[in-house]
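Per Swiss-Prot, the feature GTP binding site maps to 69-76, 133-137, 187-190; the stated evidence is sequence analysis. What Swiss-Prot lists as domain 'tr-type G' is 60-240. Taken from Swiss-Prot, the feature transit peptide applies to 1-40, supported by sequence analysis.
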């Protein structure tokens, strides 16, 4: 009993006694945590060998350059070889370090512009090289143009076996307009089909570049690639900037990190930026505290400072949470210096030109689809998003893209990275409606297209977008390509031979025809040897109409499209015959029609199930026979009048599949 009381007494006294920690001396440092980053004088000093080397390099030994080429001419592979030569990555293998997306590696294309910093010792002196790997496809031209603004020169890369292609020409003129110094490079000289002499002649005739300055390489094997770096140092000019001037920082790109918020890829034109600096946006007026600055080497490598002439990344603390605040082309400066600097020339906001509707296969997956789309939009602000609803397919989204490849890449990323099961409608383009009261309206959703009565009474004219397409292909396919363009309502603008066997053909085409698998048809007509590039050519007056699919005279809202009047009959017949294949028979007759307003352009009928009501009758009982048939007929009419056609969800999925 005494032992129990002693135990209780000890426990109660221990509960009242303060913990016996050793007392803190006055000299002991006390650590406090704070969300903001204090300005530390030690951060001004280089803390690593890499920073010491970079700090010792003056701006006249900086080189900012990119690689200009047609899609699939070897830009990313050449980037890997340059990173290996400078010791930025370990040699061996085709890593495609700058292609970070799964879809980029799978398709062999570059979608997002990436940058990497390299240190190169040339004749005993260190040089700081910033390489930007840009997309080659026309759909990602916004990525290309913003990359060029951060560079002083470019390697103009041409495949030795394919020669100059359409996007080589288009990207050359973009780089030329930015005033970049161009260095000709012939790639894939190791291929049996390589013809470097022909490629050099094409570059001389098309771009007026001196073939003697060209470097012949094989990015795959590394042959002759080591000659490129001295060429970059000698021919590409150093950036212009003064690190003692007020900060002028151009936003080139941005992406989203779960832990750091929006990360900005920036080019410093004047001044310098450090962790702890208070900076502001000239476009939005918002102000931020810099959390970290650094370079891509090849991953994010923190630095004490980014100086004039450098390309690097920054993020803020507290973080920038909304990617809409990061406006590409915006100028940032330190708070208090806004009136001391002029904003840098920005970029035009990209305009969506191809629209699709996306619906989940299972309606219960809508929240997951919405979350997946919003996550991808954090890294791609060129996509427009609007919620919409369909009676046939349920809740979904209308998405706007820069082009068909942009749309296809986004769809692949939804499926691969987020496991989304989705139904995508065929791509459509915007149309312009000019009303009699003078107002103009751009319509991106076929469901909002004016009805027939409104068209007659209130609309002055309808317009559709046109593009100027540049096609390059061998001369032997000229007849087929012209026939294809003419059948797609094209208007020829120019025809020239830039070599004895290669043709550059320019046509003005409706964008609606271009997104309707025009490139696939072009590849088929030229056995895969043609290339295509295009640019906007304005709006044209056009005879267009809204084609709808009706099931028992009820419009199917998920299947409607604005098309040219010349395509109405053909597309209507295709629709009704294809839809008939996927609709099950009912207890009553199902009529499938394609219509423009009240005008029916095509029709298919699905016969009902038929019960043999005459099975038990005697052959001679004509009156009873007629009576039963009439009763069955009346029953079908009544069922057709009040019954709803049951169309399975998978029928729409199969109908909308490519």
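Cβ coordinates come from backbone N, Cα and C, glycine included.
In the structure as shown, the Cβ atom of residue 75 (GTP binding site) sits within 10 Å of 26 other Cβ atoms. Note on residue 72 (GTP binding site): other Cβ atoms within 10 Å of its Cβ, all shown chains, come to 18.
Within the model, the domain 'tr-type G' (60-240) shows a mean pLDDT value of 81, rounded to a whole number. According to its DSSP assignment, residue 75 (GTP binding site) is helical. Within 10 Å of the C-beta atom of residue 69 (GTP binding site) sit 28 other C-beta atoms, taking all shown protein chains into account.
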